[in-house]
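Colleague: Quick paste of what Swiss-Prot says about this protein:
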{"type": "COMPBIAS", "residues": "1-14", "note": "compositional bias 'Basic and acidic residues'"}
{"type": "REGION", "residues": "1-20", "note": "region 'Disordered'"}
{"type": "LIPID", "residues": "Gly2", "note": "N-myristoyl glycine"}
{"type": "CROSSLNK", "residues": "Lys12", "note": "ISG15 cross-link"}
{"type": "BINDING", "residues": "Asp60, Asp243, Asp286", "note": "Mn(2+) 2 binding site"}
{"type": "CROSSLNK", "residues": "Lys142", "note": "ISG15 cross-link"}
{"type": "MOD_RES", "residues": "Ser386", "note": "phosphoserine"}
{"type": "REGION", "residues": "423-479", "note": "region 'Disordered'"}
Amino acid sequence: MGAFLDKPKTEKHNAHGAGNGLRYGLSSMQGWRVEMEDAHTAVVGIPHGLEDWSFFAVYDGHAGSRVANYCSTHLLEHITTNEDFRAAGKSGSALELSVENVKNGIRTGFLKIDEYMRNFSDLRNGMDRSGSTAVGVMISPKHIYFINCGDSRAVLYRNGQVCFSTQDHKPCNPREKERIQNAGGSVMIQRVNGSLAVSRALGDYDYKCVDGKGPTEQLVSPEPEVYEILRAEEDEFIILACDGIWDVMSNEELCEYVKSRLEVSDDLENVCNWVVDTCLHKGSRDNMSIVLVCFSNAPKVSDEAVKKDSELDKHLESRVEEIMEKSGEEGMPDLAHVMRILSAENIPNLPPGGGLAGKRNVIEAVYSRLNPHRESDGASDEAEESGSQGKLVEALRQMRINHRGNYRQLLEEMLTSYRLAKVEGEESPAEPAATATSSNSDAGNPVTMQESHTESESGLAELDSSNEDAGTKMSGEKI
């Protein structure tokens, strides 16, 4: 069985809630992946004396969902019940927990749950080789604690801008690379021993068996980075998401898109669903999960924004009808053709950060109404190509996501030239054999044929584009 389905699974899991002056919504979609390996946690009011605290997290599993699912249920308990976390609470209430104790307790909780899961029989005997990233926030009345282990990401939107982002843990990062090499490993094609695309994770015990090294000195470390930030009146929202989201949207793009959607709807589940759909239409091939946490100062629904959004929908509906009427004599155009025509137009008031992909559902609804016999699969534009042509487009798209500078410009030109040739009926270029190197390469990998956690299925990536946005943009104290 391959890593991808023939058609994406677009059914979504949703949840929402409110409390402690917060509102949250979440959405997750399996997408093109054969399995759903993401999980999440959302707790408003932490039990046992922390009722005015809240905890949210996203877990991006790889090589299976075992670790991600267990962590989503038990990580918070491992954090709040260990002695390091509770040390300061002995003298008073939860409000008196010191910042350092909370941060140390979070770190201890990660190490303890990783040690605990190692004893599971299926993980111990190698029957299950899964692992998971974890990104979360613990929100107290005065502080926000950002927690990250892996390459999922959290961002804080404050006073109309992205003011903080967690840093992705990639093998190519100098600090991570040094630890990997000190443990006897190597970094090849941006991966640990040429295979695993994250340098910190829970689980992944095949990468945590170097004799004489502690748990935080292994090829893959379970140690999280913890940042503490004082809450402010200007705080608007926090986004937690896996790399299936960040692969196709930058920090700023996603935050601007979310802000624009909050101005047209106060339903946080809907906003999260729009994000997931938009990322699918932008070409994400991974599982997708997002948790949106809104503070009291989050953007409110605006009559003007609602009006502009409605006018945009009507304009798009009208244009789709016109395009299909003009093409009537030549036969019904496919949806990809309609999208290409619209993408070449200067359409005002498209959702910032989302662009035309953010209105794909509107366009597709009109197209399906006018062409009821079409088999809709919810795929992105590239996925509507067939056979080797579709594979070529996908390979070029994945390379485009993961390259910058001159390489990226070259790939943009290749992709544009290919699409133009197809539209004009010219012969398409042959599919290059080495374009999409398997991400499951086991070169130097202690795990044979394990599905590696990767942001794209191309092993040719020079630089991970998401690192461009990673890292703190504001001085948050880090453990």
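Including glycine, each Cβ sits where the backbone N, Cα and C put it.
Since we're looking at a predicted model, the values are computed, not measured.
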Colleague: Reduced to three states, what secondary structure does DSSP give Asp243 (Mn(2+) 2 binding site)?
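Modeller: DSSP call for Asp243 (Mn(2+) 2 binding site): helix.
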Colleague: Return the residue, from the listed recorded sites Lys12, Lys142, with the maximum count of other C-beta atoms within 10 angstroms of its C-beta.
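Modeller: Top count of Cβ atoms within 10 Å goes to Lys12.
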Colleague: Please report the Cα separation of Asp243 (Mn(2+) 2 binding site) and Lys12 (ISG15 cross-link) in Å, rounded to an integer.
Modeller: 17
Colleague: Return one of helix, strand or coil for Asp286 (Mn(2+) 2 binding site), based on DSSP.
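Modeller: Reduced to three states, the DSSP call for Asp286 (Mn(2+) 2 binding site) is coil.
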Colleague: By CA-CA distance, flag whichever of Asp60, Lys142, Asp286 among the recorded positions is nearest to Lys12 (ISG15 cross-link).
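Modeller: Nearest in space to Lys12 (ISG15 cross-link), counting only the recorded positions, is Asp286.
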Colleague: In the three-state scheme derived from DSSP, which category covers Lys142 (ISG15 cross-link)?
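Modeller: Note: Lys142 (ISG15 cross-link) is coil by DSSP, not helix or strand.
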Colleague: Take the Cβ of Asp243 (Mn(2+) 2 binding site) and count every other Cβ within 10 Å, whichever protein chain it belongs to.
Modeller: 28
Colleague: Per DSSP, what is the residue tally for the region 'Disordered' (1-20) in helix, strand and coil?
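Modeller: Each residue of the region 'Disordered' (1-20) counted once, the result is 0 helix, 16 strand, 4 coil.
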